[in-house]
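The next block holds one structure in the form of C-alpha coordinates; read it before the comments.
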(Lines of atoms letter the chains of each structure in order from A and count residues from 1; the text may use other names and numbers.)
(Lines give C-alpha, C1' and ligand atoms only; values in the text may rest on other atoms or scores of the structure.)
Protein backbone atom coordinates (compact mmCIF):
# COMPACT_ATOMS: atom_id res chain seq x y z
CA UNK A 1 0.00 0.00 0.00
CA UNK A 2 1.02 3.59 -0.66
CA UNK A 3 1.53 6.31 1.92
CA UNK A 4 -1.29 8.82 2.30
CA UNK A 5 -2.36 11.80 4.40
CA UNK A 6 -5.68 12.98 5.80
CA UNK A 7 -7.13 16.41 5.17
CA UNK A 8 -9.79 16.71 7.84
CA UNK A 9 -12.57 19.04 6.75
CA UNK A 10 -14.73 19.08 9.87
CA UNK A 11 -14.15 22.84 10.08
CA UNK A 12 -15.10 23.39 6.42
CA UNK A 13 -17.27 20.61 5.00
CA UNK A 14 -18.49 19.83 8.51
CA UNK A 15 -19.60 23.41 8.99
CA UNK A 16 -21.96 22.85 6.05
CA UNK A 17 -23.78 20.16 8.08
CA UNK A 18 -27.37 21.25 8.77
CA UNK A 19 -26.99 21.26 12.55
CA UNK A 20 -23.47 22.72 12.76
CA UNK A 21 -22.91 26.20 14.17
CA UNK A 22 -19.39 26.12 15.57
CA UNK A 23 -18.21 28.99 17.74
CA UNK A 24 -14.63 30.18 17.48
CA UNK A 25 -13.85 28.29 20.68
CA UNK A 26 -15.44 25.14 19.25
CA UNK A 27 -13.22 25.44 16.18
CA UNK A 28 -10.09 25.92 18.27
CA UNK A 29 -11.01 22.89 20.40
CA UNK A 30 -11.61 20.73 17.32
CA UNK A 31 -8.42 21.90 15.61
CA UNK A 32 -6.25 21.24 18.65
CA UNK A 33 -7.79 17.80 19.13
CA UNK A 34 -7.26 16.88 15.47
CA UNK A 35 -3.68 18.09 15.73
CA UNK A 36 -3.04 15.97 18.81
CA UNK A 37 -4.64 13.01 17.03
CA UNK A 38 -2.07 13.39 14.26
CA UNK A 39 -4.11 14.74 11.36
CA UNK A 40 -1.80 16.26 8.75
CA UNK A 41 -4.11 18.95 7.32
CA UNK A 42 -7.06 20.86 8.79
CA UNK A 43 -9.32 22.53 6.24
CA UNK A 44 -11.34 25.59 7.29
CA UNK A 45 -14.22 27.50 5.77
CA UNK A 46 -13.49 30.12 3.14
CA UNK A 47 -12.69 33.44 4.82
CA UNK A 48 -15.00 35.27 2.41
CA UNK A 49 -18.07 33.41 3.72
CA UNK A 50 -18.60 35.94 6.52
CA UNK A 51 -16.64 38.37 8.71
CA UNK A 52 -16.55 35.75 11.48
CA UNK A 53 -15.30 33.09 9.06
CA UNK A 54 -12.36 35.33 8.20
CA UNK A 55 -11.57 35.96 11.87
CA UNK A 56 -11.80 32.23 12.60
CA UNK A 57 -9.44 31.37 9.74
CA UNK A 58 -6.92 33.87 11.10
CA UNK A 59 -7.22 32.46 14.62
CA UNK A 60 -6.81 28.86 13.47
CA UNK A 61 -3.87 29.70 11.21
CA UNK A 62 -2.08 31.36 14.12
CA UNK A 63 -2.37 28.45 16.58
CA UNK A 64 1.04 27.05 15.68
CA UNK A 65 -0.25 23.53 15.08
CA UNK A 66 1.82 20.74 13.59
CA UNK A 67 -1.02 20.21 11.11
CA UNK A 68 -1.21 22.57 8.16
CA UNK A 69 -4.25 24.83 8.25
CA UNK A 70 -5.68 25.23 4.76
CA UNK A 71 -8.73 27.05 3.48
CA UNK A 72 -11.12 26.13 0.70
CA UNK A 73 -12.14 28.89 -1.71
CA UNK A 74 -13.74 29.40 -5.07
CA UNK A 75 -11.14 30.00 -7.78
CA UNK A 76 -11.52 33.78 -7.78
CA UNK A 77 -8.91 36.47 -7.41
CA UNK A 78 -10.81 38.38 -4.71
CA UNK A 79 -11.19 35.24 -2.59
CA UNK A 80 -7.52 34.33 -3.08
CA UNK A 81 -6.40 37.74 -1.85
CA UNK A 82 -8.40 37.39 1.35
CA UNK A 83 -7.17 33.81 1.86
CA UNK A 84 -3.53 34.89 1.57
CA UNK A 85 -4.13 37.62 4.16
CA UNK A 86 -5.38 35.12 6.76
CA UNK A 87 -1.98 33.46 7.03
CA UNK A 88 -3.13 29.92 6.23
CA UNK A 89 -0.53 27.39 5.13
CA UNK A 90 -2.51 26.14 2.15
CA UNK A 91 -5.19 27.33 -0.26
CA UNK A 92 -7.57 24.86 -1.85
CA UNK A 93 -9.10 26.20 -5.06
CA UNK A 94 -12.21 24.77 -6.67
CA UNK A 95 -13.85 25.39 -10.03
CA UNK A 96 -16.95 23.55 -11.27
CA UNK A 97 -16.24 21.62 -14.48
CA UNK A 98 -19.43 19.58 -14.99
CA UNK A 99 -22.13 20.78 -17.38
CA UNK A 100 -24.37 21.46 -14.38
CA UNK A 101 -21.90 23.77 -12.65
CA UNK A 102 -20.67 25.38 -15.87
CA UNK A 103 -24.27 26.37 -16.53
CA UNK A 104 -24.32 28.00 -13.11
CA UNK A 105 -21.08 30.00 -13.41
CA UNK A 106 -21.14 30.54 -17.18
CA UNK A 107 -17.52 29.63 -18.05
CA UNK A 108 -16.36 27.18 -20.68
CA UNK A 109 -13.27 25.01 -20.25
CA UNK A 110 -10.77 27.43 -21.88
CA UNK A 111 -12.05 30.22 -19.63
CA UNK A 112 -11.79 27.99 -16.56
CA UNK A 113 -8.17 27.24 -17.40
CA UNK A 114 -7.39 30.90 -18.00
CA UNK A 115 -8.91 32.07 -14.71
CA UNK A 116 -7.37 29.20 -12.76
CA UNK A 117 -3.90 30.05 -14.00
CA UNK A 118 -4.42 33.70 -13.10
CA UNK A 119 -5.46 32.91 -9.53
CA UNK A 120 -2.70 30.35 -9.04
CA UNK A 121 -0.10 32.79 -10.36
CA UNK A 122 -1.30 35.43 -7.90
CA UNK A 123 -1.01 33.06 -4.92
CA UNK A 124 2.43 31.88 -6.01
CA UNK A 125 3.68 35.45 -6.16
CA UNK A 126 1.93 36.78 -3.06
CA UNK A 127 2.58 33.76 -0.83
CA UNK A 128 5.22 31.44 -2.31
CA UNK A 129 5.33 29.35 0.88
CA UNK A 130 1.64 28.42 0.67
CA UNK A 131 0.57 25.02 -0.70
CA UNK A 132 -1.87 25.27 -3.60
CA UNK A 133 -4.43 22.69 -4.59
CA UNK A 134 -6.74 22.94 -7.59
CA UNK A 135 -9.89 20.84 -7.61
CA UNK A 136 -12.42 20.28 -10.38
CA UNK A 137 -15.74 20.45 -8.56
CA UNK A 138 -18.23 17.73 -9.58
CA UNK A 139 -15.36 15.76 -11.09
CA UNK A 140 -17.29 12.58 -11.72
CA UNK A 141 -20.09 14.24 -13.69
CA UNK A 142 -17.63 16.14 -15.86
CA UNK A 143 -16.53 15.05 -19.33
CA UNK A 144 -13.21 13.24 -18.99
CA UNK A 145 -11.52 15.14 -21.80
CA UNK A 146 -12.49 18.43 -20.13
CA UNK A 147 -11.15 17.27 -16.79
CA UNK A 148 -7.85 16.09 -18.17
CA UNK A 149 -7.38 19.30 -20.13
CA UNK A 150 -7.87 21.35 -16.96
CA UNK A 151 -5.63 19.16 -14.80
CA UNK A 152 -2.89 19.09 -17.41
CA UNK A 153 -3.00 22.88 -17.71
CA UNK A 154 -2.73 23.61 -13.97
CA UNK A 155 -0.46 20.72 -12.91
CA UNK A 156 2.86 22.54 -13.46
CA UNK A 157 1.80 25.31 -11.08
CA UNK A 158 0.16 23.50 -8.15
CA UNK A 159 1.22 21.13 -5.38
CA UNK A 160 -1.90 19.02 -5.57
CA UNK A 161 -4.96 18.42 -7.73
CA UNK A 162 -8.28 17.36 -6.28
CA UNK A 163 -10.98 15.01 -7.50
CA UNK A 164 -14.36 15.72 -5.93
CA UNK A 165 -17.31 13.35 -6.00
CA UNK A 166 -19.52 16.31 -5.19
CA UNK A 167 -22.89 14.55 -5.20
CA UNK A 168 -21.69 11.09 -4.21
CA UNK A 169 -22.51 9.28 -7.45
CA UNK A 170 -19.13 7.75 -8.28
CA UNK A 171 -18.54 4.02 -7.96
CA UNK A 172 -15.29 2.58 -6.60
CA UNK A 173 -14.33 1.35 -10.06
CA UNK A 174 -14.90 4.80 -11.54
CA UNK A 175 -12.78 6.41 -8.84
CA UNK A 176 -9.93 3.97 -9.37
CA UNK A 177 -9.97 4.42 -13.15
CA UNK A 178 -10.11 8.22 -13.07
CA UNK A 179 -7.42 8.63 -10.42
CA UNK A 180 -5.13 6.41 -12.50
CA UNK A 181 -5.80 8.54 -15.56
CA UNK A 182 -5.24 11.79 -13.68
CA UNK A 183 -1.98 10.42 -12.27
CA UNK A 184 -0.85 9.68 -15.82
CA UNK A 185 -1.65 13.24 -16.90
CA UNK A 186 -0.20 15.20 -13.95
CA UNK A 187 2.86 13.02 -13.46
CA UNK A 188 4.57 11.83 -10.26
CA UNK A 189 5.39 15.25 -8.77
CA UNK A 190 1.84 16.44 -8.20
CA UNK A 191 -0.15 15.02 -5.30
CA UNK A 192 -3.75 13.88 -5.78
CA UNK A 193 -6.55 14.51 -3.28
CA UNK A 194 -9.92 12.73 -3.13
CA UNK A 195 -13.08 14.28 -1.68
CA UNK A 196 -16.04 11.90 -1.65
CA UNK A 197 -19.63 12.54 -0.62
CA UNK A 198 -21.69 9.73 0.87
CA UNK A 199 -25.07 10.16 -0.82
CA UNK A 200 -24.98 6.59 -2.14
CA UNK A 201 -22.96 5.04 0.68
CA UNK A 202 -19.68 4.66 -1.22
CA UNK A 203 -17.53 7.38 0.39
CA UNK A 204 -15.23 5.03 2.32
CA UNK A 205 -14.87 2.53 -0.51
CA UNK A 206 -14.21 5.35 -2.96
CA UNK A 207 -11.56 6.89 -0.70
CA UNK A 208 -9.82 3.53 -0.45
CA UNK A 209 -9.91 3.00 -4.22
CA UNK A 210 -8.51 6.49 -4.75
CA UNK A 211 -5.48 5.58 -2.63
CA UNK A 212 -5.10 2.24 -4.39
CA UNK A 213 -5.01 4.11 -7.70
CA UNK A 214 -2.39 6.63 -6.60
CA UNK A 215 -4.10 9.37 -4.59
CA UNK A 216 -1.99 10.80 -1.77
CA UNK A 217 -4.58 12.73 0.27
CA UNK A 218 -8.12 11.91 1.43
CA UNK A 219 -10.68 14.34 2.85
CA UNK A 220 -12.60 13.27 5.97
CA UNK A 221 -14.78 14.79 8.65
CA UNK A 222 -15.44 13.63 12.19
CA UNK A 223 -18.61 11.49 12.11
CA UNK A 224 -18.73 12.15 8.35
CA UNK A 225 -20.74 15.36 8.83
CA UNK A 226 -21.14 17.73 5.92
CA UNK A 227 -23.49 18.93 3.22
CA UNK A 228 -26.46 16.54 2.86
CA UNK A 229 -25.23 13.05 3.88
CA UNK A 230 -21.70 14.29 4.43
CA UNK A 231 -18.40 12.81 3.27
CA UNK A 232 -15.94 10.06 4.17
CA UNK A 233 -16.05 9.72 7.99
CA UNK A 234 -12.71 9.85 9.76
CA UNK A 235 -13.46 6.79 11.89
CA UNK A 236 -14.79 4.73 9.01
CA UNK A 237 -11.83 5.57 6.80
CA UNK A 238 -9.37 4.63 9.55
CA UNK A 239 -11.28 1.39 10.17
CA UNK A 240 -10.89 0.50 6.49
CA UNK A 241 -7.21 1.37 6.37
CA UNK A 242 -6.33 -0.24 9.72
CA UNK A 243 -7.33 -3.67 8.42
CA UNK A 244 -4.83 -3.22 5.58
CA UNK A 245 -2.02 -1.20 7.18
CA UNK A 246 -2.33 -1.61 10.96
CA UNK A 247 1.21 -0.60 11.87
CA UNK A 248 1.21 2.36 9.49
CA UNK A 249 -2.11 3.68 10.80
CA UNK A 250 -1.15 3.13 14.44
CA UNK A 251 2.16 4.92 13.90
CA UNK A 252 0.53 7.96 12.30
CA UNK A 253 -2.46 8.57 14.56
CA UNK A 254 -3.33 8.53 18.25
CA UNK A 255 -6.18 6.11 17.62
CA UNK A 256 -7.36 5.89 21.22
CA UNK A 257 -8.51 9.52 20.87
CA UNK A 258 -11.14 8.65 18.26
CA UNK A 259 -14.03 8.18 20.76
CA UNK A 260 -13.20 11.58 22.25
CA UNK A 261 -13.28 13.23 18.81
CA UNK A 262 -16.63 11.65 17.94
CA UNK A 263 -18.20 12.57 21.28
CA UNK A 264 -16.90 16.13 21.07
CA UNK A 265 -18.35 16.84 17.63
CA UNK A 266 -21.60 14.99 18.39
CA UNK A 267 -22.03 17.24 21.43
CA UNK A 268 -21.23 20.41 19.49
CA UNK A 269 -23.72 19.70 16.69
CA UNK A 270 -26.38 18.22 18.95
CA UNK A 271 -26.61 14.67 17.60
CA UNK A 272 -26.13 11.18 19.02
CA UNK A 273 -23.34 8.97 17.75
CA UNK A 274 -25.15 6.39 15.56
CA UNK A 275 -25.50 3.00 17.26
CA UNK A 276 -23.74 1.32 14.32
CA UNK A 277 -21.08 3.96 13.83
CA UNK A 278 -17.67 2.71 12.76
CA UNK A 279 -15.58 1.83 15.84
CA UNK A 280 -17.32 4.17 18.32
CA UNK A 281 -20.96 3.13 17.87
CA UNK A 282 -22.67 1.47 20.82
CA UNK A 283 -22.89 -1.89 19.01
CA UNK A 284 -19.61 -1.75 17.06
CA UNK A 285 -18.06 -4.51 19.19
CA UNK A 286 -21.22 -6.27 20.45
CA UNK A 287 -21.38 -10.06 20.21
CA UNK A 288 -24.60 -11.96 20.84
CA UNK A 289 -24.96 -15.25 18.91
CA UNK A 290 -23.80 -18.31 20.83
CA UNK A 291 -21.37 -19.39 18.12
CA UNK A 292 -19.87 -15.90 18.03
CA UNK A 293 -19.57 -15.69 21.80
CA UNK A 294 -17.76 -19.02 21.98
CA UNK A 295 -15.26 -17.92 19.35
CA UNK A 296 -14.70 -14.51 20.96
CA UNK A 297 -13.85 -16.14 24.29
CA UNK A 298 -11.30 -18.34 22.51
CA UNK A 299 -9.87 -15.75 20.10
CA UNK A 300 -11.48 -12.32 19.52
CA UNK A 301 -9.97 -12.11 16.05
CA UNK A 302 -12.49 -14.73 14.96
CA UNK A 303 -15.23 -12.09 14.75
CA UNK A 304 -13.47 -8.74 15.05
CA UNK A 305 -11.61 -6.95 12.24
CA UNK A 306 -9.47 -4.99 14.70
CA UNK A 307 -9.00 -4.93 18.49
CA UNK A 308 -11.34 -2.45 20.21
CA UNK A 309 -8.69 -1.44 22.72
CA UNK A 310 -6.55 0.02 19.92
CA UNK A 311 -9.27 2.63 19.45
CA UNK A 312 -9.96 3.17 23.14
CA UNK A 313 -13.26 1.26 23.24
CA UNK A 314 -14.43 -2.04 24.75
CA UNK A 315 -16.21 -5.08 23.39
CA UNK A 316 -19.63 -6.02 24.74
CA UNK A 317 -20.73 -9.63 25.17
CA UNK A 318 -24.52 -10.10 25.18
CA UNK A 319 -24.68 -13.34 27.12
CA UNK A 320 -28.21 -13.16 28.56
CA UNK A 321 -30.27 -13.73 25.42
CA UNK A 322 -32.18 -16.53 23.71
CA UNK A 323 -29.26 -16.82 21.27
CA UNK A 324 -26.71 -17.61 23.96
CA UNK A 325 -24.87 -20.91 24.21
CA UNK A 326 -23.45 -23.09 26.94
CA UNK A 327 -19.88 -21.97 26.24
CA UNK A 328 -20.81 -18.34 26.97
CA UNK A 329 -22.77 -19.32 30.08
CA UNK A 330 -19.88 -21.45 31.31
CA UNK A 331 -17.41 -18.62 30.73
CA UNK A 332 -19.60 -16.15 32.61
CA UNK A 333 -20.11 -18.57 35.47
CA UNK A 334 -16.36 -19.11 35.79
CA UNK A 335 -15.86 -15.32 35.88
CA UNK A 336 -18.15 -15.40 38.93
CA UNK A 337 -16.23 -18.30 40.48
CA UNK A 338 -19.00 -20.79 39.73
CA UNK A 339 -18.55 -24.23 38.18
CA UNK A 340 -21.15 -26.57 36.71
CA UNK A 341 -21.04 -30.13 35.50
CA UNK A 342 -22.01 -30.75 31.89
CA UNK A 343 -25.58 -31.73 32.73
CA UNK A 344 -26.16 -28.74 34.99
CA UNK A 345 -24.56 -26.42 32.44
CA UNK A 346 -26.99 -27.69 29.80
CA UNK A 347 -29.98 -27.24 32.12
CA UNK A 348 -29.10 -23.72 33.27
CA UNK A 349 -28.42 -22.68 29.67
CA UNK A 350 -31.84 -23.92 28.56
CA UNK A 351 -33.44 -22.19 31.54
CA UNK A 352 -31.81 -18.88 30.60
CA UNK A 353 -32.91 -19.26 26.98
CA UNK A 354 -36.50 -19.87 28.11
CA UNK A 355 -36.46 -16.79 30.34
CA UNK A 356 -34.94 -14.70 27.56
CA UNK A 357 -37.77 -15.78 25.25
CA UNK A 358 -40.08 -13.75 27.51
CA UNK A 359 -37.83 -10.69 27.44
CA UNK A 360 -34.19 -9.62 27.39
CA UNK A 361 -32.33 -10.30 30.61
CA UNK A 362 -29.81 -7.93 32.11
CA UNK A 363 -26.33 -9.11 33.05
CA UNK A 364 -27.25 -8.59 36.71
CA UNK A 365 -30.27 -10.86 36.32
CA UNK A 366 -28.14 -13.48 34.59
CA UNK A 367 -25.57 -13.40 37.39
CA UNK A 368 -28.32 -13.80 40.00
CA UNK A 369 -29.74 -16.82 38.15
CA UNK A 370 -26.31 -18.43 37.92
CA UNK A 371 -25.63 -17.96 41.63
CA UNK A 372 -29.06 -19.19 42.68
CA UNK A 373 -28.74 -22.23 40.43
CA UNK A 374 -25.68 -23.35 42.36
CA UNK A 375 -27.42 -23.03 45.71
CA UNK A 376 -30.78 -24.44 44.60
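Glycine too: its Cβ is placed from the backbone N, Cα and C atoms.
Swiss-Prot lists 292 with the feature active site, proton acceptor, giving a curator's inference as the kind of evidence. Residue 292 (active site, proton acceptor) carries a helical DSSP state (H, G or I).
Annotation note: residue 133 (2-oxoglutarate binding site) sits in a strand segment as assigned by DSSP. According to Swiss-Prot, the feature 2-oxoglutarate binding site maps to 12, 72, 133, 166, an assignment based on experimental evidence.
Annotated Mg(2+) binding site per Swiss-Prot: 13, 195, 197, in sequence order, evidence recorded as experimental evidence. Proximity of residue 195 (Mg(2+) binding site) to non-local residues of its own chain (separation of 6 or more, Cβ distance below 8 Å) is seen for 9, 13, 135, 162, 163, 164, 165, 166, 219, 231, given in sequence order.
If you look up Swiss-Prot, you'll see 92, 135, 166 marked as L-lysine binding site. The number of other CB atoms found within 10 A of the CB of residue 135 (L-lysine binding site), across every protein chain shown, is 27.
Annotation comment: Swiss-Prot describes 4-259 as domain 'Pyruvate carboxyltransferase'.
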*What is the nearest of the recorded positions 12, 72, 92, 133, 292 to residue 197 (Mg(2+) binding site), using the Cα of each?*
12
*Including all protein chains displayed, how many Cβ atoms other than that of residue 292 (active site, proton acceptor) lie within 10 Å of its Cβ?*
19
*Cα-Cα distance linking residue 133 (2-oxoglutarate binding site) and residue 292 (active site, proton acceptor), given in Å to the nearest integer*: 47
*CB within-chain contacts under 8 A for residue 12 (2-oxoglutarate binding site), separation at least 6*: 43, 44, 45, 46, 71, 72
*Around residue 72 (2-oxoglutarate binding site), how many other CB atoms lie within 10 A of its CB?*
28
